[in-house]
Amino acid sequence: MLSKTFLLSSAVLWARVANAAFGITDNGSSYTIDANSPNPLKFTVNKSSCDITSIVYYGSEFQYSGKGSHIGSGLGSATVSATQSGDYIKVTCDTSSLTHYFVVHNGDPIIHMATYITAEPDIGELRFIARLNSNLLPNEEPFGDVSTTSGGSAIEGSDVFLVNGETRSKFYSSERFIDDHRHCISGSAHRVCMILNQYESSSGGPFFRDINSNNGGDYNALYWYMNSGHVQTESFRTGLHGPYSMYFSRSGTPSTNIDTSFFASLGIKGYVAANGRGTVTGKASGADSSMDWVVHWYNNDAQYWTYTASDGSFTSPAMKPGTYTMKYYQGEFPVAETTVTVSAGSSTTKNISGSVKTGTTIFKIGEWDGQPTGFRNADKQLRMHPSDSRMDSWSSTYTVGSSSLSDFPMAVFKSVNNPVTIKFTATSAQTGAATLRIGTTLSFAGGRPQATINSYTGPAPSAPTNLNSRGVTRGAYRGLGEVYDVSVPAGTIVTGENTITISVISGSSGDAFLSPNVVFDCIELFQ
């Protein structure tokens, strides 16, 4: 005889299967979309605001009840319609300058999305935020609780918190665009992932990073930031952002290889199908082979990138037609730049070559990789505030030949560890004229380096471009990458021991880690 437990569980499963029917239900003030997926997914979209107000997956309500999931902080009002065509459902939300789409394919537990804009939203950023049940989905992936701020007290602005003695922020969930194909939140029985295969209308390039998730207690937020003012290095792009996909699963992590080519038949504004695109193939050469090589294409309308193969060969993603700047990086440091024109339906061949050129090196601290790799606290800075007790001391003296790379701080702050001191020993052959090259990756509050070599003080550089954004305290190190050359007159360097100090200067001031600062890439003295 079958047990009551078995009969009950079978009845629940049967109910889930029986209720599954791909389609749209018009509730008067909202639409409910049934994906007809094996693990049932239904979600409800408000007709007047475009907010998602309910997401029921495998019988559990995932949507936070206090506020919806939506573009920006909500569209406020929109014209919302829903249509079904065969195995596809499209919900369209229209405003005067933005159209947002939810798309569902019959049988898939995925909410595909795309966002078309003709102007940047007034709030100065474009994002989708899913506010999900933090009891069912408390975890953040792949970086864990570094961005879980629930129960914390604010220590900087309203976005950096102290939680159980650790600094945390939603910004510490970030990953470089070139590496961020998927980020997730999860619980013991469920996982929801944002799958990102298209950044062409975003801004900032391959090394830009932004908020991915944040468990703030009331809900766990899963984001896709298409653009923002968070250390933004270029103008915003309009047009179609996406497709991007919110994937629901019970176990395992979904693949990032999702085919969204069906968007071509759905009347999505701004969508360019594969046959309307072209590619660039070629070979990169000349850069430091110990580093990853990246090729990057961009213009006012789109951006693309790819890692090269080990031999330097590459093929671009499928690109919209146009003329692009083509840039070549070792790590994140640019070594060459050219232009290339892409035509629909064809592949263009374009090689690129470049390297870092200096001179006869007296000493070099770090590598020209466009990152603070290996410097003190660089291994921690992405995931915690510089004031965190787990950080090493920011002050130190670096002695060439005996200090470890990790003895050199990744950043100099005007009110914390200013100046940074370097000691080195020179031979008589090294006392002639020289160049001290100071590579930086990011500046804050007008900070720029001024060097003193023994008794000679180099000129004060002009202020760099102001990105108007906190950086290093929010887990960023990538800005415009200014490089400063200091001409050192002959006789300044002496035989024997020499001392260099690098001070951050600025007409601005600030407390502690919000004082003017620069992040270092590499320091090289050469003749």
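Going from the start of the chain as shown, residues are counted 1 onward.
Glycine is no exception: its Cβ is also placed from the backbone N, Cα and C atoms.
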Under Swiss-Prot's annotation, the disulfide partner of Cys184 is which of Cys93, Cys193?
Cys193
Pick from Cys50, Cys522: the cysteine that Swiss-Prot pairs with Cys93 in a disulfide bond.
Cys50
When you rank Cys184, Cys193, Asn351 by Cα distance to Asn46 (N-linked glycosylation site), which of the recorded positions ends up on top as the closest?
Cys193
Taking only the recorded positions Asn27, Cys50, Cys93, Asn351, which one has a CA atom nearest to the CA atom of Cys184 (disulfide bond)?
Cys50
Measuring Cα to Cα, how many Å separate Cys50 (disulfide bond) from Asn27 (N-linked glycosylation site)?
14
Near Cys93 (disulfide bond), which residues of its own chain have a C-beta under 8 A away, given they sit six or more steps off in sequence?
Val45, Cys50, Ile71, Leu75, Ala78, Thr79, Val80, Thr99, His100, Tyr101, Phe102
Given Asn27 (N-linked glycosylation site) and Asn351 (N-linked glycosylation site), what distance in Å do their CA atoms have, once rounded to a whole number?
57
Number of other Cβ atoms within 10 Å of the Cβ of Cys193 (disulfide bond) across all protein chains:
23
